[in-house]
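A short write-up of the structure that comes next.
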């Protein structure tokens, strides 16, 4: 699954399908190809159709397992040894090998009738069958072994409504070990959240509001749709039949093999049998959809082909008819990505087809269901008007999800404690593939300033967790879909692959996939494959990184006269106050040393607490840099003299690579926050780094640092100091914005385009009157003439909206709301429609702030998009986060009702709302307010947010005089920076 989007980012907004009139539809295929095949029909009749279920029966169904249909995910099991805190795994007395499922959902009543025939092994004598079921009422169970062995009705079933979410079927006598067939009929309900089998709002072929069927089973939500062994290691084959409206296209993991017409405007669609896979990967989509199609040469190698040639695999992208012209780029990307992955893994794509579907309401940015990959619409709707950053993000997310077809689907982690095997690797592959396809984007440089920093920041907290994480309980699984799992996991893979070499690393990966295909694996399995391929002790090198929380800071004491270098490693904490008990881990640290005399990294390693090394180039070197290309996951703290020499070299693009300059600046900021160096030392570096004019990533860090400094200082500093910080930002970004202008030039590289796109909003934030005036004029012209070409490049759309609301008349707030609600009138792309929503939260008017927050809870805003509003508001103005906190406390119960108490979305909203405070008093206020709340869905993220608040509070207390004196000293030299 792709990482939940960072809704606080002004340039990355995740969206839903706009509700707009249906334009003239392009000529595309609209019906599935019928394939001739024979499949088994359900062996038992379904439960009574939904219209035969009266209100009493519906109430009984809900009472059977409670009315909470916002199930999140958790509690899975394994047939191999796994690590859990509570051992809440299903017993292995009975295990499935094949499910034959028939579902008949009623889109009007929300009731689902179903049956499932399960081929299973009774592994030891038992009189009970225990499996997962939630919000399901089992009505009848029959067990066959050639002939009927036993049969019971629903009274013999008891439900555990706790976090276990298990159903126990009490049989009339003991069942002996054998291969059996278990046939279960049941009724369920369509979920009201974005989990399980749920109704998703969209526009049908006529352009009218309607609902489609969608599933989200990761991590533990297949049990919401049918009784099953809902644990990743308990793999089985699946055959599915789905009864849906006749005008729907029904999709699942495998191709359609037969359709039969029924009464009452329904049809039953039968799908081919799947290979062995985990329950969370089973998927269903059904609606009035169109598709475009291409073929990829990614199947098995054709026998006797010379030269060897792979079989063609059809690849389709499905969406609502009105949006079919928006997905061509995504289809072309998917075809290219799939073929690159086949070459990289040396392994054919395992299924006979690949479908991508644009889903208006989806909890995550993407979901890797095998053969039926789902995406939020903003990730697939890429047009000529889409901003460059969203286009780049789309390529990455498609590559991430398609890499899961092997790493996660073909080979699955045995339990959620090894989730990083899925997500860390898919993140690495996603960036690697994007970099192969578009090297001019420099995707790894961007990883260094955002994703890697997110991992380092989160893992510098006491409340962090190891990459191989112990799962505490039911609500815990969704919380570990976080920056540690994705970005620390990716960083560790990048560090290891750089050490082993890409060729040896990928040889180990291919061996791992071949050894564990259609099965489950653990971290130790991956290490064993990499050891065999590389001949290096990978487990010994990596265990400290994956089994322990945190990472080191390497202190550098360089004697340039003697050429001697003393290095020391200690655990790094943002708070800066590491205790001896917390500093007991010794990491394997690949040093990657370069110097003024040695451009290629020296392959030295620090194993111990400290060690002596020779400076590359010996006494001739004038500077030294550790962690070449930012490949290692650690911070570096240089002595004052070494840092002075290094900063001078970093100012020159000819002396130092961008990634290395980025690493120096990022480490300096982190070390200032933790108290290892004064903040004034970072401010001193700002001028030196201005010389790297063309480099987007360096300027992005400078802007992020100054905004963070302003946010942390704003609540407790006099207006003059706040203005000094903004003046420094203005001195940096206003000339940059003026030089680059509003128009993209023909020969501009993507990085120059990105630099222009961040310089304009940064200059406006800093108060540059020229940029603000230009943005307001552009907005007026665009709003007044929606059918005319935009008076500015589409990369600036989000910035123009944001500046118009923050700096323009109050009426602009209503105008961007109008654009959000009627995006087709202004021909807004999907990301720009979401930018309009986010811009509404940028007003400085308290009444508009409150109105926007109330609006976010209305039906105009999908639950998945709530956090976009929150994210924009906390960064819009230093006062707006306090307005948001007051509103949040008053409307908390409505938020819980809208998102679900167990929803991961609720946890994301909580961390966004409280995460930017910077005083100890606010930390205490937040902690006290949540003390009597049910916080199981965010009991990891809330402590992390509180710790971040206290870290920022300590940063201010420690350095506020230092910062004040720095700005006073420089204020005398210039009236404006």
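A Cβ is built for glycine as well, from the same backbone N, Cα and C atoms used for every other residue.
Unlike curated records, TrEMBL annotations are generated automatically.
According to TrEMBL:
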- 401: active site, proton acceptor (ACT_SITE)
- 400, 404, 423: Zn(2+) binding site (BINDING)
- 8-28: compositional bias 'Polar residues' (COMPBIAS)
- 96-281: domain 'Aminopeptidase N-like N-terminal' (DOMAIN)
- 329-545: domain 'Peptidase M1 membrane alanine aminopeptidase' (DOMAIN)
- 623-950: domain 'ERAP1-like C-terminal' (DOMAIN)
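The structure, with features from TrEMBL marked on it.
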| residue | record | Cβ neighbours (10 Å) |
| --- | --- | --- |
| 400 | Zn(2+) binding site | 28 |
| 401 | active site, proton acceptor | 27 |
| 404 | Zn(2+) binding site | 26 |
| 423 | Zn(2+) binding site | 27 |
> For the domain 'Aminopeptidase N-like N-terminal' (96-281), what's the model's average pLDDT?
Replying inline: 94
> What Cα-Cα separation, expressed in whole Å, is found between residue 423 (Zn(2+) binding site) and residue 401 (active site, proton acceptor)?
Replying inline: 9
